[in-house]
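Visitor: Residues or ranges marked as active site, nucleophile in Swiss-Prot (evidence: similarity to another entry): 123. According to Swiss-Prot, the active site, proton donor annotation covers 250. Residues annotated as active site, proton acceptor in Swiss-Prot: 279. What Swiss-Prot lists as domain 'AB hydrolase-1' is 47-176.
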């Protein structure tokens, strides 16, 4: 497996991202160890919050949520998935599988020995994080899903998703910053768009971002479907606190909270919300998300 590592110079002077880098080696199956980057802010002995990003972003997406969460006494950790941010980037699309992503993040949890975690997930962070919650529930104390879901090839896949999948596969460029701008209610300033572009000096660094859309299980014969269906069954027994905060302006996932709230026992009686935000809800409403999380945690 050939691997690229984005030069550190690409991450200098980013708008609103003053966090020191941290690294740990992770593994998946028989793959070589890869270096995963993560933010680690707040007191080391504080109650841990883990923030998982998705496509095509990185921990930069959480830059407005990390300060208020850590200031409230939490240890806030935000990893960059393999292929994204400051983490290592295998160069072939075929190097990335759904299972490997789950195993890489699981390895990160294990190496940091994280327990009693409040796990916040969005986009592909939910596809990975909900699997981890179902398979390693002893590590997770609370779940928050924002504009996410757990696909198991049941029901119809929205047409806009297939448009996005085709774009990611065939477009000669994959402009992360512009894509984030397209998926928000508010215009994203140029300096912030540059922050999303920083991990990808050129297209050779983008195999992970190209791979993600095609890894979403949309047919029953997808290799990820059995594990996802087992995870969905396990979530049907999840009685720990579960919160859904969705941006209703998201054209693909804006109403995907309903099945989660109905299925997960721990969702009963929680202050779920749909707010004026689009797919990248952290970019639209990061401060509000942090405030809602903190008040909810105090109550649970």
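Along the chain as shown, residues are numbered 1 onward.
A Cβ is built for glycine as well, from the same backbone N, Cα and C atoms used for every other residue.
Predicted, not measured: the structure shown is a model, and the values here were computed from it.
Could you tell me the structural context for the features on the list?
Guide: Around the Cβ of residue 123 (active site, nucleophile), the same chain contributes 53, 54, 55, 57, 147, 148, 253, 279, each under 8 angstroms and 6 or more positions distant in sequence.
Around residue 250 (active site, proton donor), the same-chain residues six or more apart in sequence whose CB sits under 8 Å from its CB are 147, 183, 277, 278, 279, 281, listed in sequence order.
DSSP assigns residue 279 (active site, proton acceptor) to coil, not to a helix or a strand. The Cβ neighbour count for residue 279 (active site, proton acceptor), using a 10 Å radius over every protein chain in view, is 27.
Sorting each residue of the domain 'AB hydrolase-1' (47-176) by its DSSP state yields 56 helix, 25 strand, 49 coil.
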Visitor: Mind looking up the mean pLDDT for the domain 'AB hydrolase-1' (47-176) in the predicted model?
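Guide: For the domain 'AB hydrolase-1' (47-176), the model's average pLDDT rounds to 96.
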Visitor: In three-state terms from DSSP, label residue 250 (active site, proton donor) for me.
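Guide: It is coil.
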